[in-house]
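See structure below.
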Amino acid sequence: MAHIRAPTVTIPLLPLPKQTVLLPGVVQRVAVSSTRPDIASLLAAVYAKAASQTPNGRIDTIPIACVPLASPLIGPEGHLLIENGDDKTETADDVDPAKATKADLFPYGVAAKITGVEGRGTGEFTLLVEGVTRIHVEKVISDKAYLEGKVSSYADPALITDAALEELFMSLKLLSRQFVTILRLSSLLPQSSGTPGLSPLLARRLDFYIAKQKYPGALADFMANIVESSYEEKLEILTLIDVKERVAKVIELLDRQITNIKNSMRVTTITATTLPFPMDPDAAKHGKIKPPVKAPGHGAGMPFSPQGGFMGRGGNADEDQEPNEIEELQKRLDAARLSPEAAKVADREIKRLKKIHPAQAEYAVTRTYLETLAEIPWTTTTDDRLGPDTLNRARKQLDEDHYGLDKVKKRLLEYLAVLRLKQAINDDVDSQIKQLEQELGVASESSKEDAAQSTPIDLGVDEKAKAGGDKLEALKSRRMVDKSPILLLVGPPGVGKTSLARSVATALGRKFHRISLGGVRDEAEIRGHRRTYVAAMPGLIVQGLKKVGVANPVFLLDEIDKVGGSSIHGDPSAAMLEVLDPEQNHNFTDHYVNVPIDLSKVLFIATANSLDTIPAPLLDRMETIYIPGYTTLEKRHIAMRHLVPKQLRVNGLDESQVSFTPEVVSRIIESYTREAGVRNLEREISSVARGKAVEFADAKDSGHPENYNPQLTVDDLEKFLGIEKFEEEIAEKTSRPGIVTGLVAYSSGGNGSILFIEVADMPGNGSVQLTGKLGDVLKESVEVALTWVKAHAYQLGLTQSPSENIMKDRSIHVHCPSGAVPKDGPSSGISQAIALISLFSGKAVPPTMAMTGEISLRGRITAVGGIKEKLIGALRAGVKTVLLPAQNRKDAKDLPQEVKDGLEIIHVSHIWEAIRYVWPDGQWPSEHDYPSIESRL
């Protein structure tokens, strides 16, 4: 490539110290001492010229020529004088730079600028000179205080127009980066090896400079200054005005230096192999790679890997040589059967990976990303066990694992039935597609033979093939697409939501993975981090898919109601919208993977304790199934069937050594636990089992095992569990006016009981006193009941005239026992009204009759909740008859048969109807006697 020569100019000449060569783009320090008066004079002249030519007196605008001393071993044009080198009696070391003449100077040098002057505090200082461009000394015109001469400069071309130079430039870059890498790795060797080292920070800076350099001449000069070379070789490079020749020379020096470093590494028992870059100019030009060089013997050190790292200890290079990791990665990606979008991205990243040096941080990032793509199950699925016995097997599995929970089981069996029918349809469609493809294949072969034998074109064959293709596409469109439901199980803790999801996976024969969402506050935990972040990784969904290795697992999203809200880290609940939307999750995009992933085959089952904290858009995407707390009967069944055998086994006992009766379990449930689930019940059973284990061990160790009684009675519970923690109300044998038995369901869920409503009157001014730690709603129920009784006191026979106030000169006190327990809710309205009527009329309510329901000012009895728990508690307390709102008739149908048989359930819709059932002997008006105007709009 032709160089650009500038006109001749006159500038000061600075002879460089011995064995020193300054190249363009390089900064050099030149010491100014008493032995170099010429430099002081030159610097004074530069300052004077700068002061006269520039406003600020900047000395870096005044050029000088830095010229090295000549060498007797090299000619003026850079040719090595081998033939007469031995005849030279004077060497460059014998020349004093301060007294150098034109004959002592090398013809080539560098035009430079003085970038700074550093003082040392001892009277000496140092010049900082930066090379700018090559120059040729044409003539020395002054040699008084300092040298001055006429020089011509040569500038490198700005554009690369030669293909050969461009290829050499790429080879120079590869070798330069290899050189930096091997210097960095050599720093890990013992210092006694003599191999130069390189800090990680400097290595990264050099690697960045090499990658960003656009000019081959500048990079060649820079690397020539770094690489180890002789004084004469540097002079030769200084004379190479042609960029192509200069780059080739530096490639030669780099190749030699790399070889020397590798040999040094071998001496320190490091088994080396050839790096995957060209090692000589010819190989660099043609892109060839030398074969690996076997290390002598079996080194005990760490062999150097072709990928730029270290391999394991021991063995030689041939034994420890691993397969090319890029090829292995390509095989894994091919085996993963990526989606079209993922395959396109993987191909692009593989090409990038081949161009990235293994020592670069980007190499590890790209490799990790490709490994993640290979580990995601794009098409791998678990075959669902959907045979003729699918529903029976699943029903049996769910019944064995969980007692009750009929609504959940019903929904899951519906899903299995739909899945089974869809699979049958798809199997039939697949057989038709296969048959049609075979027919089209035979027709295609015959058409090819006919076309080879006959010249005319048969248009009928094309029409037939087109019709067959249309039919094939129509058949493929008939395939049923499975969209798994997204279920939300809502219920109190300990009712089996998590274990139910695991049973579903077992019944389906699918893999199961649990994702805990409690406390997740960062959107990136769901969607993953961008690859641009340090230590980025995919989100919980993609990590779960990688772990199970199939595209159709059962994912349990545990505690979805406890996901953090919107913050500076994003909104994780909003990130779940795409995951849990059946219409969108077939194209779920993780920030790290950044490729659409199909989640439509995943069966998501979420759990929550409450719906209050779940955002409405997220709740709308899930099918909510409520799991109420277990009743006492259900707890007893679960304990006898699951918990007792489990705890006996855990504590080293068997059923013959401890006998739990249903009565004992019922007492533990009623008197020692009050919860919706069975976790505390299991703990109490475990405590009893441990106590019996101590008794059995003592009897066995004493040699009198016959003294041990395996039978467990109700009276033994206080010894193992202490005094009873909860007391159950029992229906009284006798009754008195003003006392009514109400029903209550505990807020913990699963338990219910009776609650006495006590009303007393006293002389007063019509005030009402409420006690028993009653809530606001319960207080309002008392006010509504009292208002209705006062309004209908004349019809009830409580006053002599309609205008008489029954509360005149009277005050009442309403109390609910268990005053330390908070009570609230509207369900005691009917009980309050009946209790007030009983007090004012002096008629007692039957003690074995209980009631629940909300009352309105019109006297209507409206529906309440917790019917199942309340009635089970009523039966346990000895109640015989229960008054329920007519609107709760549907809830009574779901009661256990034991409750239906043990209670007389009466449904009432108005307070007058309830009064007639409570006191059937009285003459009471009907609610129809007091018609009301109601809007039907």
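Numbers here mean position along the shown chain, with the first residue as 1.
Placement of Cβ uses the backbone N, Cα and C atoms for every residue, glycine included.
It should be emphasised that the depicted structure is a prediction, and the values quoted were computed from it without experimental measurement.
Copied over from Swiss-Prot, here are the features:
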type: DOMAIN; residues: 11-258; note: domain 'Lon N-terminal'
type: BINDING; residues: GLY491, PRO492, PRO493, GLY494, VAL495, GLY496, LYS497, THR498; note: ATP binding site
type: DOMAIN; residues: 734-921; note: domain 'Lon proteolytic'
type: ACT_SITE; residues: SER827; note: active site
type: ACT_SITE; residues: LYS870; note: active site
Neighbour tally for VAL495 (ATP binding site), based on other Cβ positions within 10 Å of its Cβ: 28
Rounded Cα separation (Å) that holds between GLY494 (ATP binding site) and LYS870 (active site): 20
ATP site, defined by GLY491, PRO492, PRO493, GLY494, VAL495, GLY496, LYS497, THR498: further same-chain residues with Cβ within 8 Å of the Cβ centre: LEU489, THR607, ASN609, ILE627, ALA676, GLY677
Fewest-neighbour residue among recorded positions, criterion Cβ within 10 Å, set THR498, SER827: THR498
SER827 (active site) and PRO492 (ATP binding site), Cα-Cα, nearest whole angstrom: 21
Between SER827 (active site) and THR498 (ATP binding site): CA-CA distance (Å): 32
Residue among binding-site residues GLY491, PRO492, PRO493, GLY494, GLY496 with least C-beta crowding, 10 angstrom cut-off: PRO493
Alpha-carbon distance [LYS870 (active site); LYS497 (ATP binding site)] in Å: 23
Cα-to-Cα gap, GLY496 (ATP binding site) vs LYS870 (active site), nearest whole Å: 22
Minimum Cα separation from SER827 (active site), reported as the residue among recorded positions GLY491, PRO493, VAL495, LYS870 that achieves it: LYS870
Residue with minimal Cβ packing [other Cβ atoms within 10 Å] among the recorded positions LYS497, LYS870: LYS497
Secondary-structure category, per DSSP, in which GLY491 (ATP binding site) falls: coil
The domain 'Lon proteolytic' (734-921) [mean pLDDT, rounded to integer]: 89
